[in-house]
Amino acid sequence: MKVIHTIKDLQAELSVLKAQGKKVGLVPTMGALHAGHASLVKRSVNENEVTVVSVFVNPTQFNDKNDLVKYPRTLDADCKLLEACGATYAFAPSVEEMYPEPDTRQFSYAPLDTVMEGAFRPGHFNGVCQIVSKLFEAVKPHRAYFGEKDFQQLAIIREMVRQMQFDLEIVGCPIVREEDGLALSSRNARLSAEERENALKISQTLFKSRTFAATHTVSETLKFVEDAIAAVPGLRLEYFEIVDGNTLQKVDNWNQTSYVVGCITVFCGDVRLIDNIKYKES
């Protein structure tokens, strides 16, 4: 595996491989890689002859500068993991490389980006779209891989690809969890042992809510989850919404649509964790 730091060098490598008819997969990451990222990389390696993994902590998607400073940066460990997964290139640019001048582009995909994360993290998805569109333009991959843990992000990126007419396939990949059910996240490394124990209640509550939902209404299921999280000291619910998996708009009853997802964000201490669960999938 080669580690590349500039767009020019990456494009020089890829142009040769694309000329040979090789398919290129892109896995955009912010580093601090774990088994969830590894599953995306392995899938790309399985489906494409060339896999590029970007490792870049994107400053424009952090609405909380403190979160940006605290975000773990572990490039050496990341490269070892990527090599073990069979990646062809790790693309680790500087901020100056990706943003030679400030990116003033405004992306708006209402109503997808105005709810949930969009409401609580203003500017976040604009920053995501800025960097992902830059990566798509730099790499011009045949496929790009994103995890379903960031469910709203995946929906917005699909819409961006549709509107900007990028010629590539977006591949959503299932959430990877610890053996006990906690959704893998780079932010989990910031949890104390006690916080880690509390955080487990998030996924446990979601799994229980799926059983509960089979015999209860949407509003009863919302209350079930809200009450369960409120009962755990050290957890603070930011939001839990039950939405149409395509439009991300709230649903009032289970029969409203064939694709229903519950999306949750919880503060565990000062660490913000997200997760989701599918109640119905067509």
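Heads up, the Cβ atoms here are built off N, Cα and C, so glycines get one too.
Small disclaimer: the values here were computed from a predicted structure and weren't measured.
Feature annotations, reproduced from Swiss-Prot:
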{"type": "ACT_SITE", "residues": "HIS37", "note": "active site, proton donor"}
{"type": "BINDING", "residues": "30-37, 147-150, VAL176, 184-187", "note": "ATP binding site"}
{"type": "BINDING", "residues": "GLN61, GLN153", "note": "(R)-pantoate binding site"}
{"type": "BINDING", "residues": "GLN61", "note": "beta-alanine binding site"}
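Mapped onto this structure are the features recorded in Swiss-Prot.
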{"residue": "MET30", "record": "ATP binding site", "Cβ within 10 Å": "19"}
{"residue": "LEU33", "record": "ATP binding site", "Cβ within 10 Å": "26"}
{"residue": "GLY36", "record": "ATP binding site", "Cβ within 10 Å": "21"}
{"residue": "HIS37", "record": "active site, proton donor", "Cβ within 10 Å": "26"}
{"residue": "GLN61", "record": "(R)-pantoate binding site", "Cβ within 10 Å": "21"}
{"residue": "GLU148", "record": "ATP binding site", "Cβ within 10 Å": "17"}
{"residue": "GLN153", "record": "(R)-pantoate binding site", "Cβ within 10 Å": "22"}
{"residue": "VAL176", "record": "ATP binding site", "Cβ within 10 Å": "17"}
{"residue": "SER186", "record": "ATP binding site", "Cβ within 10 Å": "19"}
Distance from SER186 (ATP binding site) back to HIS37 (active site, proton donor), taken between C-alpha atoms, in Å: 10
C-alpha spacing of GLN61 ((R)-pantoate binding site) relative to GLU148 (ATP binding site), in angstrom: 18
Three-state secondary structure, GLY36 (ATP binding site) (per DSSP): helix
Nearest recorded site to GLN61 ((R)-pantoate binding site) by CA-CA distance, among binding-site residues MET30, LEU33, GLY36, VAL176, SER186: MET30
